[in-house]
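For reference, Swiss-Prot has these:
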BINDING   147, 150, 200, 203  Zn(2+) 1 binding site
BINDING   164, 167, 186, 189  Zn(2+) 2 binding site
DOMAIN    5-70  domain 'J'
REPEAT    147-154  repeat 'CXXCXGXG motif'
REPEAT    164-171  repeat 'CXXCXGXG motif'
REPEAT    186-193  repeat 'CXXCXGXG motif'
REPEAT    200-207  repeat 'CXXCXGXG motif'
ZN_FING   134-212  zinc finger
């Protein structure tokens, strides 16, 4: 029996666009799918014709050959036009296809279409102390897990799971058309290689259901915002027994009311009094391990930085510890009584005109004076 024109099979004209071909295929495949027409040989044959037409017409090279030579382009022994030299068999081409598909045209290693589970993301917020020292956190998330009722088979308990009659359990369909070989996911079983007699009532044949899962996550010392922890196999369950995906825990460190962080170093501002800045002394500064004493030299200016070695963050990679960097801020006294104000006035009078007591101010005034001098020239 002569093969029907591929365009006619899909109800299209020869100049149909790829979009038209895909639309027609989806409509007809849904209509004649074997699952909807069980036992109907006519529907099964029609479905095969539709699938074959779709595979040829959606491949640019095959479609061009078909438009020029018709079905003869895909017949063994054809010597039409551009296919001269391939008549009488495939010779070395069969070896090439064997390497590509793992065997000869009719066999080879066939594998089911397995889909690894999706990776999941979980965002977690921790304190700076937890980030620096490490901690354990219990988390709860919702994910697709193996169905307890069917144990991932997708079939109702007590019912059969048979090999798909269309791909014979391979999950993929391979066709030889002339010197072309095509391999695609079986449209009947969608790559599972199985035919489920009665789908599981819990998972509706998917083999997976949505479940809540509790996990304990160990967060190592030294992590920072944006770091990710990968928990292998804790993502969604895979399809048809495929491996589960992974879970990525994304770290977010809360802002601290005292410290800021830059890499392995911690920073803080330490207020000191006007008199201590001038006379020097000793103050207590906070660290994540407790308090420590810091010596303030005489004549300390606001903004001066003091580095405390090893009191920062331990790097999770190198093992070295960063530093704590304290920035001194000299506080201006407020809410002074008259006696205190008078003492400050006396101090101001005693310092007036003596540049060595105000080196920064003197330097600034000299710079301003020079600026206006040059501006007037």
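For all residues, glycine too, the Cβ spot is worked out from N, Cα and C.
Within the same chain, residues 146-150, 152-157, 237, 239-240 sit at least 6 positions outside the repeat 'CXXCXGXG motif' (200-207) and bring their C-beta atoms closer than 8 Å to a C-beta of that stretch. Around residue 200 (Zn(2+) 1 binding site), the C-beta neighbours below 8 angstroms that are at least 6 residues distant in the chain are 147, 149, 150, 153, 154, 155, 156, 157, 207. Most other Cβ atoms within 10 A: among the binding-site residues 164, 167, that distinction falls to 167.
Each residue contributes its Cα atom, and for residue 186 (Zn(2+) 2 binding site) and residue 203 (Zn(2+) 1 binding site) these two points are 22 Å apart.
Other residues of the chain with a Cβ within 8 Å of the Cβ centroid of 147, 150, 200, 203, the Zn(2+) 1 site, are 148, 149, 151, 152, 153, 154, 155, 156, 199, 201, 202, 204, 205, 206, 207, 208, 209. Apart from the site residues 164, 167, 186, 189, the chain places the Cβ of 163, 165, 166, 168, 169, 170, 171, 172, 173, 187, 188, 190, 191, 192, 193, 194, 195 no farther than 8 Å from the centroid of the site's Cβ atoms, the recorded Zn(2+) 2 location. Cβ neighbours of residue 189 (Zn(2+) 2 binding site) (same chain, under 8 Å, six or more residues apart in sequence): 164, 166, 167, 171, 195. For the binding-site residues shown (150, 186), fewest C-beta neighbours within 10 angstroms: 186.
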